[in-house]
Amino acid sequence: MNIILLGPPGAGKGTQAHHLVESRDMIQLSTGDMLREAKDSGSEMGRIVADVMARGDLVTDDIVIGLIREKLQGNKQGGFIFDGFPRTLAQADALADLLEEQDETLDAVVELRVDDEALVERITARSTCGGCGEVYNDITKPWPADGKCAKCGSTDIKRRSDDNEDSLRNRLMEYYKKTSPLLGYYYANGQLASVDGLGDIDEVKAAIAAALDK
Ligand code: AMP
């Protein structure tokens, strides 16, 4: 089963993708994670995208489509979760072509609906574990008092440099201008399921499971 998690920054796509990786043996393909890795590795592509990402603008379609193309040729396990991709109509068309080339289908597109105020709160409070990628939130899911990740024991707490208010405003604007039209696109294709992303993590998890098992 191949699915897209669609929603604005901070909607909980990464958190829910982690649950699906664990519960359904799926493979998370997060273009944001891939781009951050490229940036951290100091590669040429990483240098090209660094400023764009810091501003909260979208990286060019060619770059992200290339990243996804590479990953689709590898291990498929329980299917792919596209997290943060596609973000434009051109990326959505490219994904359809790439899946067809691999004799794969897109089985569901799950929209996580969250209002903007909740997004700002979530994003400014979020951190992730540098060891395993577990997502934490200063208010709803703080780091354990001993400073060690509850999942892997790492003490490497990471906060994203683009999780500040200026960049977030721009990322939201990019979402509404360029990504939200995908909701109509997938609705028209009969593939869209919308889930309330405002509940607690387990409620959202259950709502996504129900949408996928329909
Ligand atoms: P994310 O981790 O998904 O919030 O992505 C972080 C940043 O990476 C975004 O603000 C964009 O600059 C860039 N990015 C990630 N995925 C894409 C994509 N599919 N298309 C264009 N830019 C992307």
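Any Cβ shown, glycine's included, is placed from N, Cα and C.
Bear in mind that TrEMBL entries carry predicted annotations, made automatically and left uncurated.
Between the listed ranges 30-59, 90-119, 120-149, TrEMBL ties the annotation region 'NMP' to 30-59. Close to Y136 (ATP binding site), meaning Cα to Cα within 10 A, are the following binding-site residues out of F85, R87, C129, C149, C152, R160: C129, C149. When other Cβ atoms within 10 Å of the Cβ of G10 (ATP binding site) are tallied across all protein chains shown, the result is 25. Away from its own ends, the region 'NMP' (30-59) comes close to residues 13-14, 17, 67-68, 71, 83-85, 87-88, 133, 160-162, 166-171, 174, 178 of its chain (Cβ-Cβ under 8 Å, at least six residues beyond either end).
The maximum pairwise C-alpha distance among T31, R36, D57, L58, V59, G84, F85, P86, R87, Q91, R160, R171, the residues recorded as binding AMP, is 24 Å. Within the same chain, residues at least 6 positions away in sequence whose Cβ sits under 8 Å from that of C152 (Zn(2+) binding site) are C129, G131, C132, E134. Checking the binding-site residues G10, C149, C152, R160 for a CB within less than 6 Å of any atom of ligand 1 leaves no residue at all.
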